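**Q** Quick one: the structure is below, questions incoming.
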Amino acid sequence: MKDPGPPPDGGLKAWTQACMGHLVVFNTWGVITSFGVFQAYYTSELGLAPSAVSWIGSVQTLGHFFVGAVSGRALDAGYFYHVFIGGLLIELFGVFMTSLCTQYWQLFLAQGVVTGIGCGMQFCPAVSLVTTYFQKNRILAVAVVVSGSATGGMIYPTIVRQLLPKIGFAWVLRVMGLIMVAIGCLTTALLRPRLPPQKSGPLIDFSAFRESTYSLYCVAMFLGIWGQFYVFYYVGSYGIDVIGVSYSTSVNMLLLMNGLGLFGRVIPAYFADRNFGPLNTIIPFPFIGAILIYCWAAVRTEAALYVFASLYGLLIAGFQGLFPGALSSLTKDMSKAGARMGMCFSFVGVASLTGPPLAGALIQAHGGSYLYAQMWSASALVVSGLVLIAARISSTGWVLVSRI
């Protein structure tokens, strides 16, 4: 395969890849951002402890991230289809097996472990592939891709809410699985790797960690992911336990957060490409998220919870949408894009594994009070923002105005 030259940075083929990437994230991260509906259902209907249920979603999220070290390198080495199709089949197996589960350990293995691994085998290669088609518009293109978590986070919870009372848990999962089959066939047919394979090269590019900006960025993302997903998992349970809303209303909260997140991902990315640069643009968002979570502790009415969910869903999405794009901007050699993104995803995966269960343990340890978990989540985001500032300084020095 010959060197294809510089990225097209637009045009039908490039934007088709971005749209297919969006559908991949719809099928993977869309499931993760929908886990709040299962969190509320498992705790209220099955009587499972919140921290125990959180482990299912956290292991699923870990699979999304941690498998990236291997699946990202597979893209660089020319094995995109092997890993991507394998991941799709594994995810489908996990979803359909979840429909048969009746006990906690079965849910943990099927929905947590198997589905998570399958999603991880698709997510990192697809995002990395799209970055190779863009240069000037890369951050916007990646935001279009990751906004699939918002559209998936609207569609899948709606399916659960509408169909669960009518056809039951098992058939809801099977309907979701059939949608994933259709989308998976489309993405497999249209996604196309652009760069020639790099057969040689390490699985982990340790030289990346000698770059202080890259290393600090990974730490900042660890802390940000550690704190932010707690809200998506527990906003529904908070509404049910503290305010007394119905299960249907708790699902509406999640739909609202994910729906507004679609705009919150794309708009900051547009300005990052056009004006400020991705690293500059992402810095305010963890601080904004922290302020909102601190304020969440004072929410005691359904109307106030709707306001919180709206603002948080809209504004924290800027962090989520810019995370992969800003990471890709730290890689100059795009033949290593898959490996370097996968390394960071794997590191961040540990945060996604431990964050929500830690929050659940804090809730249980304090008699069902959400206050301590809220303070911990917000504080983690504050430290994440401070480390992002350090990453910027390590790259530009003490220069106030610099596009990066």
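Placement of Cβ uses the backbone N, Cα and C atoms for every residue, glycine included.
Relevant sequence annotations retrieved from TrEMBL are reproduced here:
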- 14-397: domain 'Major facilitator superfamily (MFS) profile' (DOMAIN)
- 21-42: transmembrane segment (TRANSMEM)
- 48-67: transmembrane segment (TRANSMEM)
- 79-98: transmembrane segment (TRANSMEM)
- 104-127: transmembrane segment (TRANSMEM)
- 139-159: transmembrane segment (TRANSMEM)
- 171-191: transmembrane segment (TRANSMEM)
- 212-233: transmembrane segment (TRANSMEM)
- 253-272: transmembrane segment (TRANSMEM)
- 279-299: transmembrane segment (TRANSMEM)
- 305-330: transmembrane segment (TRANSMEM)
- 342-363: transmembrane segment (TRANSMEM)
- 375-401: transmembrane segment (TRANSMEM)
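Explain the structural surroundings of these features, please.
**A** Distant neighbours of the transmembrane segment (21-42): 48, 50, 53-54, 56-57, 60-61, 64, 88, 91, 107, 111, 115, 119-120, 122-123, 126-127, 129-130, 144-153, 155-157, 160-161, 164, 169, 176, 180, 183-184, 186-187, 191, 232-237, 240, 247, 250-251, 254, 258, 261; these residues of the same chain sit at least 6 beyond its ends, with a Cβ under 8 Å from one of its Cβ atoms.
Beyond its flanks by at least six residues, the transmembrane segment (79-98) meets 27-28, 67, 70-71, 106-107, 110-111, 113-122, 125-126, 129, 173-174, 176-177, 180-181, 184, 188, 191, 193, 197 of its own chain at Cβ-Cβ distances under 8 Å.
Beyond its flanks by at least six residues, the transmembrane segment (139-159) meets 14-15, 18-19, 21-34, 36-37, 126-127, 130-131, 133, 172, 175-176, 179, 251, 254-255, 257-259, 261-262, 264-266, 268-270, 272-273, 278, 317, 320-326, 328-329 of its own chain at Cβ-Cβ distances under 8 Å.
With a threshold of 8 Å between CB atoms, the same-chain residues lying at least 6 positions outside the transmembrane segment (171-191) that come near it are 16-17, 20-21, 23-24, 26-27, 31, 80-81, 84-85, 88, 91-92, 95-96, 98-99, 126, 129, 155-156, 159-160, 163-164.
Taking Cβ pairs closer than 8 Å, the transmembrane segment (253-272) reaches residues 33-34, 36-37, 139-140, 142-144, 146-147, 149-154, 157-158, 161, 231-232, 235-236, 239, 245, 278, 280-282, 285, 305-306, 309-310, 312-318, 320-322, 325-326 in its own chain, all 6 or more past its ends.
Distant neighbours of the transmembrane segment (375-401): 212-213, 216-217, 219-224, 226-228, 230-231, 279-280, 282-287, 289-291, 293-294, 297, 355, 358-359, 362; these residues of the same chain sit at least 6 beyond its ends, with a Cβ under 8 Å from one of its Cβ atoms.
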**Q** Where, among 104-127, 279-299, 342-363, do we find the most CB pairs under 8 A to the transmembrane segment (48-67)?
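**A** That would be 342-363.
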**Q** With Cβ-Cβ distances below 8 Å as the criterion, list the same-chain residues six or more beyond the ends of the transmembrane segment (342-363) that contact it, or say none.
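**A** Distant contacts of the transmembrane segment (342-363): 49-55, 57-59, 61-73, 123-124, 128, 204-205, 208, 214, 217-218, 221-223, 225-227, 229-230, 233-234, 327, 369-370, 372-373, 376-377, 380.
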